[in-house]
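Chemist: TrEMBL lists 90-368, 824-1109 with the feature domain 'ABC transmembrane type-1'. Among the features that TrEMBL reports, domain 'ABC transporter' is placed at 446-667, 1154-1390. As annotated by TrEMBL, transmembrane segment applies to 90-111, 123-143, 149-170, 182-201, 213-239, 304-330, 342-361, 823-844, 864-884, 947-977, 1056-1078.
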Amino acid sequence: MSVTEAQASWWQTLTLRFFNPLLHLGAKRALELEDLAPLREEMRTGSVVARLDESWAGEVPAGQFEHAPTPRKSLLRALVDEAKVPLSRAGLLGLVYGFVPFLGPLFLWLLIQNLKEDSPSVWIGFGLALAMGLSTLTMAVSSNHAFRLGLHGAVTIHAAVLGLIYNKALVLSNTTRQSHSVGAIVNMIAVDATYIFEFVIRGTDVLVLPLQLILALVLLFILLGPSALVGLAVILLAIPTMGFISKAIKKHILTKLVRGDTRLKITKDAIQGIRAIKAHAWEDAFTGKIQELRAAELDALQSFYLVQSGLVVVIAVLTPIIALTTFSTYAGAGNALTAETVFAALAIFQLIALPIVRFPMLASRAVSMYVAVGRIDAFLRLPERIPLDRASDRQLVVMASPSGRPSYESRDAPPSAPAVRIVDGDFAWEERKASAEPAEAKIVSADVESVASASESPTTTLSGINLTVPHGSLTVVVGPVGCGKSSLLAAMLANISIVTGSVAVTGRLAYVAQQPWIANATLRDNIVFGLEFDAVRYDAAVAAAALRPDLDVLAAGDLTEIGERGVNLSGGQRARVALARAIYRDADVYLLDDILSAVDAHTGVAIFRDCIVGSLRTRTRVLVTHQLSLLRHADQVVFMGDDKLGTIAAVGSFDELMAQNPAFADMIASHATQAGSESPAAAAASMLSLDWGSSWSESLCDGGVGHAKARARAESSIDMPPPATTAVYSDYEYYSESEGGYTDEISSTAESESWQGGVGKVMRAKATASTTAFYSLDDDAEAGPAPSPAAGTKLMTDEDRVEGAVSSAVYKEFFSFISRGHLAIIIGLFVVSLALLMSSSVWLAHWTQEDTARARRGESDRRIGYYVAVYVSILVGALVLTILRETAFVKAMMATALALHARLVDNVLHLTVRFYDTTPVGRVINRFSKDVGVADTKVLMMLRFGIMLTVGLSGYLAMASVLTFGALPVVMVPVVWGMKRVFGLYRSSGRDLQRIESITNSPMLAHFSESYTGAAELHAFERLEHFSTINTQLVDNHHRAYYTNKLATRWLDLRLAGVSAGLVATTVALVVVLRPLLSPSFAGLAVQSMLALSGELSLIIMIAAELETAMTSVERILTYVHLVDAEDVDAAEVEVPDGWPAADGPATDAPAAIAFDNVSMRYRDGLELALRKVSFSIPRGARVGVVGRSGSGKSSLVQALLRFIPLAGGRIMVDGLDTAQVSLRALRHNVFLIPQAPVLFEDSIRANLDPLGVCDEARLWKVLEQTRMAEAVRKLPDGLETAVAAGGGNFSVGERQLLCIGRALIAEVGILLLDEATASIDAESDAVMQSMLRDHFAVSGCTVFTIAHRLNTLDDSDYVLVMDQGTVGEFGPPAELKARKNGLYRGLLDEWAAQKKNA
């Protein structure tokens, strides 16, 4: 019967026998996460964080940091208190294993003394042999259990740190988030938390190392007298040398970490923006950039290893040097070198080498740990978001204060209080520096970014804001790009720092961001978002958000799995899912940030009618929009940024602003002119009105919908919308089971691989599942089992997990990067250098024997100089060869690491879009982070030690075999059999546990990245606690795998130590038996060799196990290296001529710019065709608009044209050449795509505009002038070199799109593809951009192919292509298509016209 660690008896715990059932199971089949014992309760993240949060209080005065729940004391003391029980027990065992090894030299001294006797006692010899074996076993038991208890404490502390960081990251104020990217906090999790973990797990060294040094010095003084002081002097000289080396090591490793972070940041950026990279054939450019960063990283890593090699050299020669100086002094003082003295002292020297080396390492780890704790402590004291209030009858008031930290109060709402009131508000994204800072916040490390960014006088984003939003009203906010519209919503959410004034919000909030956050879960999960499922309310939300047509198309309906960041949804669909989530919340105040820009005009009208002024008509709504045609229906209009950005120019009804504000009237007139109205005045007087339906007529009044008088709710829940009087159209194609995989945006910063939710709790699933669900209920509501994604609709693939031993092919390919000659030289250097070091012991034994003989004969000439000279020569030779071998080995490994990474990044960036659509980004990033890190460090170290131990073991075996006259190999047979049996039982389980540990790491980081990205939504929807529970489960399961994996190594080491103890006792007994054939000196050498042999035999098996588990990372890397789904961007059957495709305007004899010839396409085998025998031809220089309903195939045309998806039939010709025959590089370089969702990279503005670096500065500034971004860039401190934040976070969505449009202006192309590229910018800027694009590309003769969602943008097109269910419905000039009665295009226009009438 299997038992857990907590249930085990003292004997099962002592021998780790409770672990046996798991290993036997692993020998039969591959282990799964479910097979592992759960963590002990005191080690679980939820329990640890709860206890720590309760105890971590008291010493910091209240109010010293913003919005923290309680004052805090020292984090370091709190962490130590949390794990003091296991750490105290580990310390006691540490004292035992620190003392026991020194019994070995004592027993050796007694043994040689006994063997020197004329008639040595065999029984005494056997007794000493048994004592030496038992001391070896005692040391193994105490050290392994000290490690186990240290591991217990380390996991407990690590769980606390990770839980605290996660919980804090989700509540950081938006101001603080500006200086804390996902990468920076992930770095804190990966680096700082690891520093703490590594120190704690070896915390017993604080007690053990001083004890061992003291014991060693005392025993040496007893053995050698004052001569031991010479050895002490060498030790004292060695310690600062070690310290210097350790300091240099830390310097280089920090440099490596910084460069590695930069490399990983760019890699992650490239993978997240892979569609943009592939659309423009930038794969090689980004591969080159990443490899340059990799080379710089490996340069620092090589310096680190070369310096570390100095440590290896010192370790190798330290014992012989101490022995040389001590014994020379001892002999020179007239003392005879006796065997018992020499070999006992030599054993002590070998023991003392370890603490000498580990002392500087301990000091370095302690400093790193202290700095890490300080950084985390400072992070945990950073300003937090102001918590929102759940209750509808509560009011949250946020006020500025002189200290720089806002104060807030949650109170009962006064009867007359409006929904939102801002009084004299100034707001800034920068944080105003507080008057007091906690001391701990000053502890930072130079290698990672600062914990905070603050300014004494922050630049205000919003100034002089005074605004009142009545209950039940619709307030619409308009203004140009960058005027502060989104910042105004952030002020209402308390997500921006308030500098002066106050903000009061009454009731529960719901928020829909301009770029909505979508989780990797089912579509239903994303809408219900952890609340109790209510079918009526859910159907109402889906209908109001115009999602019903989409659910009908999706193969599994609302149980379809949504990929990371909504990868298989279009931008409009993501916006509508987020809107449905907000509706389902049943909030009091709805903040809607430009949700209509992501959808086409038809869907936007339906959303406005059925949702904004429909089902939400009794709620307070604040809508940011560029759709000026909707303003007539607002209760009040907020016009921002007329003359000065960040201010409110005017507030009032539409009619009031038209009459009183000329700038507003001019903006409306400009919009009306663009819409093609009879006259600006007429258009202004007849803004878009909606067909409400008879049941809604009572809701309409002169002032708009849901006037402020309707403060009280009409219903207790959201209304079901009325049937639509016009059709609802989704914006464009998405990646569905029926149509495949198109999206305009890809990725997440991390991977979501492993957990599904359960009703009321988080339920565990397979470690490779890809959906994170949100079924747990609010307020402990009860419900039935949660639904899972329907069978066959799973989008994200499970991570492949290789089973069984690491293939020999993996080792072969890894070593193939090193030439055979180089490899032979390295191995030769290892053999010769280690042979010389072993020969020093042989020479010392010879010297001892001769010196003893001369002393007995009374000879005065003891030839000390001769023996010393030979000994020094051996050491110098060994030193030189060791330096050469280390240098050659490190350089070979660095060349291997560079070549391996080059193949990895080259293949990964050339993988097809389909791979990225179905593979979590975090899984890919894990290859470049953890797996590459293991290959860089652990594999290299294990190989180095493996070679050293193999050579050393062979040498000691040969030496001991000679000294025992061939008897040792006979003794070794049962020993080797026992070790092989033990290792055989461990091996398969060890591999599986390492793989499980690797797999469980990715979901933990993925969930953090996903949660941090969506923190604003989690805050607004009050789902922080729920997501924290999911994080707790993920962290616990990673720790569960890690703890079990390390326990398995302790199980192996304990049993190998038991076999080694038997070998020690047996071999020492063998020397006793062979005493008549051996001199005392060579008997001592034989015992020393056998002790080394037994230790190295055990160690080499541990190294072999560690190497195999480390090689699983190389195996995972090579799996991605050999993925066959990669594109060869240069493969071509025909070469394209210069200037292809031509951009010289129409010509009667010229081939068509774009010609589809019976093109059919499906996204995956087994799916329906997305395009069915599509044929059309576009002449050079033409402007073509593409329209059609959802699923009609509009975006599939782009996918086919750019060869993202292979054709199922037909061909596509571009300027006379078949696109299937030209290279992808030529095609994608010369056909430029501007997608709807802007993609910016975490680099400079210059690099984002010109990724290939082909433009001079003057050209870049001209492009910025054309896109109206020049003034904004000039205001930045570094101009074109200003760094773009992750995802373009330091620019508005409109500004990001303008920068992306700038790329198209730089590109000299013959064909331009536009996918509603100006949807995210205001009407005036849209008009300017449309005109500029037309003029710029018309002059060059470029063919423009536009997927249009707004029909009024097609009037100046040469042709209109109407797609209908994957086929060409209509194609021709707009005027011709308009004239067709009952035509598709005419029908779309009639529907549009039916929605326009006088209010």
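Any Cβ shown, glycine's included, is placed from N, Cα and C.
Please go over these features one by one and say how buried each is and what sits next to it.
Modeler: Per-residue confidence over the domain 'ABC transporter' (1154-1390) averages out at a pLDDT of 84.
Residues 124-125, 128-129, 131-132, 135-136, 138-139, 142-143, 145-147, 149-150, 152-153, 203-209, 211-212, 215-216, 219, 223, 340-341, 343-345, 347-348, 351, 1068, 1071-1072, 1084, 1087-1088, 1091 of the same chain lie 6+ residues outside the transmembrane segment (90-111) yet bring a C-beta within less than 8 angstroms of a C-beta in it.
For the transmembrane segment (123-143), same-chain residues at least 6 beyond its ends with a Cβ under 8 Å from one of its own Cβ atoms are 14, 93-94, 96-97, 100-101, 103-104, 107-108, 110-111, 114-115, 1053-1054, 1057-1058, 1060-1062, 1064-1066, 1068-1069, 1071-1072, 1075, 1091, 1094.
Remote same-chain residues near the transmembrane segment (182-201) are listed as 79, 83, 87, 147, 150-151, 153-155, 157-158, 161-162, 165, 169, 257, 261, 264-265, 268, 365-366, 368-369, 371-373, 375-376, 379, 448-449, 749-750, 929, 1005, 1008-1009, 1012-1013, 1286 (criterion: CB distance under 8 Å, separation of at least six residues from the stretch ends).
Sequence-distant contacts of the transmembrane segment (304-330) (same chain, at least 6 residues past either end, Cβ-Cβ under 8 Å): 220, 224-225, 227-228, 230-231, 233-235, 238, 241-242, 245-246, 248-249, 252-253, 256, 337, 341-342, 345-346, 349-350, 352-353, 356-357, 833, 837, 840, 844, 864, 868, 871-872, 874-875, 878-879, 882-883, 886-887, 890, 893-894, 940, 944.
Within the same chain, residues 316-317, 320, 323, 327, 342, 346, 815, 867, 870-871, 874-875, 877-878, 881-882, 884-885, 888-889, 892, 947-948, 951-952, 955-956, 959, 1085, 1088-1089 sit at least 6 positions outside the transmembrane segment (823-844) and bring their C-beta atoms closer than 8 Å to a C-beta of that stretch.
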Chemist: Cβ under 8 Å to the transmembrane segment (1056-1078), counting only same-chain residues 6 or more beyond its ends: which ones?
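Modeler: Distal contacts: 111, 115, 120, 122, 125-126, 128-130, 132-134, 136-137, 139-141, 144, 960, 963-965, 967-968, 971-972, 975, 978-979, 982-983, 1086-1087, 1090-1091, 1093-1095, 1097-1098, 1101-1102.
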